[in-house]
Amino acid sequence: MDIINKLSNAFWSTHIWLPPNTTWADIAPGSRPDVVHSDYRDLIWPIPLAAIVMLVRYTLERFWIAPVGKSLGIRSSRPKKAANVPTLEAAYAKSTRLENKRLAPLAKQADMTERQIERWWRLRRAQDKPSTLVKFCENTWRCLYYLYSFIFGVIVLWDKPWFWDVKSCWYGYPHQSVSSDIWWYYMISMSFYWSLTATQFFDVKRKDFWQMFIHHMVTLLLMSLSWVCNLHRVGSLVLVVHDCADIFLEAAKLTKYANYQKVCDAIFAIFTVVWIITRLGFYPRIIYSSSVEAPRILPMFPAYYIFNSLLLMLLVLHVIWTYMILKIVVDSLQKGLMSGDIRSSDSESVTDSSENVRIANGATRTKSKGGAAAGSGSGAAVTQRKSAGSNHTADSTTSTATK
C-alpha cells in the first residue's frame, strides 16, 4: 500500500502538473471564494451519462433514423448466406483474408475448385458485412451529435473572452472558474467518447478499429488531465474547432448511403473547405498561442510541455490527413464523382491476392474467346479496384481525424 501511495504521489507531483509555487490544495474546490475550480471527482459523471447517450442513440435510430432511411429506399437486407462448409468456416475464423497461397490447400481439404473457394469466401465476407441501413443509422447519429455539439459549444463559448482572444486562456491560470455551461460541455463531450468506446465493439467494424479505440481513449485521457489541471479553456476551444468539420464528414457518408451522389459530392467539397479552415487555420492559431503567447504570460512547468507536444503532434496529423483529403478530391474530380465509401469497413475490403486470381482467370477466359473488349473490361476492373483501394485507405484515415 505504501508503494502505491508513493507512486501516486510521484505521478501527481505538483512540480509536474502545476505552475511553480502552486499546490493541489490551491486549486481544490472551495479553496478561494471568488473562483470555482474544476473538481477531479466530477470525472465520474461522464460514465453514467454515456449510458444515457447510448439510450438516446438507440431510441433515435430505432424510431426515427431507420424509418427515414427505409423511406429513402435504403436496403436493410443482407446478402444470402454462404453454404455451411466446416473446413472453410474454420479457415475463415482464423483469418478473413484469403491469400493466394491458401487456395490450393483449402481446395484439397474442402474438395472444391479454387474458383468455388473464392466464391464461397466472397459470400462469407458479405455475410458479415452490415446492411447499408445500419451504416446509414450510425453515420446519421454521429452527424446529429456533432451538429448539436458544435452549436452547443459555440453558444457556450460565445460570451467567453478566450473564444475571441486565445490569450485569455492563460490569464489568471490556474485560478480560472468553471461555469456551469462549460461543465456541461465538457461532461457531455466526454460521455460521447465513452459511449463511442463502448459501442465501437458493436458498431460497423472498420479497418482502423484499434486505431480509433486508442484515439478515443487518448482523447478521454487528455480531456481528463486538462480538467484536473484546470486547463478547460484551451480544451473547450480544441473541442469546438474539431466538431465543426465532422458534421460534414458524417453528412457526406449518409448521403452516399442514400444514393444522393451529387449531394454527397457537394457536402464533401464543403467538408474539405471547412476542414482546411478549422484544422489548418483556427487550430494553428491555438497552437501559436500555447507555444508563443503562453510562455510570455505563465511560468512554465512540465505538464505544459506535455500538453503542448500532444497538440503539436495532432497538428502534424492534421497536415497528413489534409494531404490525403486533397488527394481524394483530386481523384474525385478526375473521375467525376466521389467513388467508394467515405470510410470503408473491414468486411468491404477484398485481398489483392484473391482479386488478382479472379482477374487473371477472367482474362484467361475472355482471351480464349478472342474478345478484345473483354480484355478492356478486365483492365477497367483493375482500374476500378485500384481507385476504390486508394479511396478506402485515404478515407479511413480521414475518418480517424474525427476528434
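Sequential numbering from 1, following the chain as shown.
In case you wondered, yes, glycine gets a Cβ from its N, Cα and C as well.
Feature annotations, reproduced from TrEMBL:
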{"type": "COMPBIAS", "residues": "384-403", "note": "compositional bias 'Polar residues'"}
{"type": "DOMAIN", "residues": "88-131", "note": "domain 'Homeobox'"}
{"type": "DOMAIN", "residues": "134-334", "note": "domain 'TLC'"}
{"type": "REGION", "residues": "341-403", "note": "region 'Disordered'"}
{"type": "TRANSMEM", "residues": "143-163", "note": "transmembrane segment"}
{"type": "TRANSMEM", "residues": "183-202", "note": "transmembrane segment"}
{"type": "TRANSMEM", "residues": "263-283", "note": "transmembrane segment"}
{"type": "TRANSMEM", "residues": "303-326", "note": "transmembrane segment"}
Same-chain residues at least 6 beyond the ends of the transmembrane segment (303-326) whose Cβ lies under 8 Å from its Cβ atoms: 16-18, 222, 225-226, 229, 231, 238, 272, 275-276, 279-280, 283-284, 286-287, 290-291, 294, 394, 397-398, 400-401
The domain 'Homeobox' (88-131), counted residue by residue under DSSP: helix, strand, coil: 33 helix, 0 strand, 11 coil
Mean predicted confidence [pLDDT] for the domain 'Homeobox' (88-131): 83
